[in-house]
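Read through the structure below, which is laid out as structure tokens, and then see the notes.
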């Protein structure tokens, strides 16, 4: 059973501790700091609220700000406004499942309170499982238990922390993505395809994950070229690639089609409560009962592309304005981290990168012992994935979302810092000399759990190397600052 694994047990314990501290701090910050009056989506509350609802709002209201309001609104009312379709249905559906489990309390709690409780509890669960999934993935890819352990612990202190706790889809997406990657590394291709498809139903950038499947299948094809029937192998490759692309793209396509039926087909509109209609009038939100929007007449009517362009001004270099310099500075640490990771890997394995990870050496007859850890040949496809996300995010998106965008999508953001810590922190080697401590008295005889080396470094902060201070300083600063600002409607999105 996986909980009996010592390192995974410590990862799970640390994840639980970090989640509890996160929830406590967001409640504290939300209580003592007045909310900033931001120009954000803020729909009216239709149901009356009692004392218990006010208590839930006071304890968990910090999790409902910025984009979280969209997810909560969609879970409660469905996709009423055109711009709601920027948010994929996977997470709202998960919240609805959570509220069904709270149905016995509906006489005491409003639907919104049930949704807030679902946000806190489900993201708590998703985060813990994602940390364990990242640890397991690291063991499979890095072949270095220490780096896998460090990376999973760093994930618990992620700079994207507040978005992994609040009513955002990042925690669920990270769980599905890391789990899908792990299944693919185990050779369970179609389980991986299914998990990647679910991830695409949670966030649109799940579509990029098709690259993992294509690379894995191409590796299998080239390794079988010496077989007697290469044409048959080529046909199998093409069929497998088609099925992978089709399966991963299906959730996205179905979601776009659903939007088309709501806004572009006559008679598909459903009744909307009058206060929400008035909100649409006041704010200029488009609802299905009005004139057909322009995207309905496109050759390929994609509401998602239209919304990103018209509502959020997302596009190539559109965000490159002088007034956005603070947001570029906010995104700079994660951009530097991923760019540094990419450069380190490419300069270490130039031939591997030139051959797209399909050939490790110019001379196939002399196979050197492969590197372990972050520099392992298996990491190539993950580095490419991270670099593509960074390039797209940096050129086409609101750059301030890069931290949560990368922090929930790529293990490179945690593997590379773990590599730097192991490579450049002498204190870790001294900590390894006493790496175990006994479990509680009720544990099996001889069972031990590893010390938490990240906490050990924090305890010995003054003697840590500069690289360690930079890494942990960045992680902890964003971990805490994100809670402080985001939970009070201050600009941390």
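Any Cβ shown, glycine's included, is placed from N, Cα and C.
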* Is it the same side of the membrane for residue 220 and residue 292, going by what Swiss-Prot records? -> no
* Do you know which of 235-255, 256-276, 277-297 Swiss-Prot annotates as transmembrane segment? -> 235-255
* Asked: According to Swiss-Prot, which listed range is transmembrane segment: 43-63, 358-378, 379-399?
  -> 379-399
* Go through 14-34, 114-134, 235-255, 470-490 and flag the stretch with the largest number of C-beta pairs under 8 Å relative to the transmembrane segment (328-348). => 470-490
* Structure fact -> Under 8 Å Cβ-Cβ from the transmembrane segment (162-182), and at least six residues away from its ends along the same chain, one finds 19, 22-23, 26, 62-69, 71-72, 87-88, 90-91, 94-95, 115-116, 119-120, 122-124, 126-127, 129-130, 133-134, 136-137, 140, 192-193, 195-196, 198-199, 202-203, 206, 209, 212, 382, 404, 407-409, 411, 482-483, 486-487, 492
* Asked: Should the transmembrane segment (78-98) and the transmembrane segment (193-213) be scored as in contact, given a threshold of at least 3 Cβ pairs under 8 Å and pairs 6 or more apart?
  -> yes
* Structure fact -> Reduced to three DSSP states, the topological domain 'Lumenal' (35-77) has 25 helix, 0 strand, 18 coil
* To do: Report the listed stretch (114-134, 193-213, 470-490) having the maximum count of Cβ pairs within less than 8 Å of the transmembrane segment (14-34).
  => 470-490
* To do: Mind pulling out the one from 114-134, 137-157, 193-213 with the most Cβ pairs under 8 angstroms to the transmembrane segment (470-490)?
  => 137-157
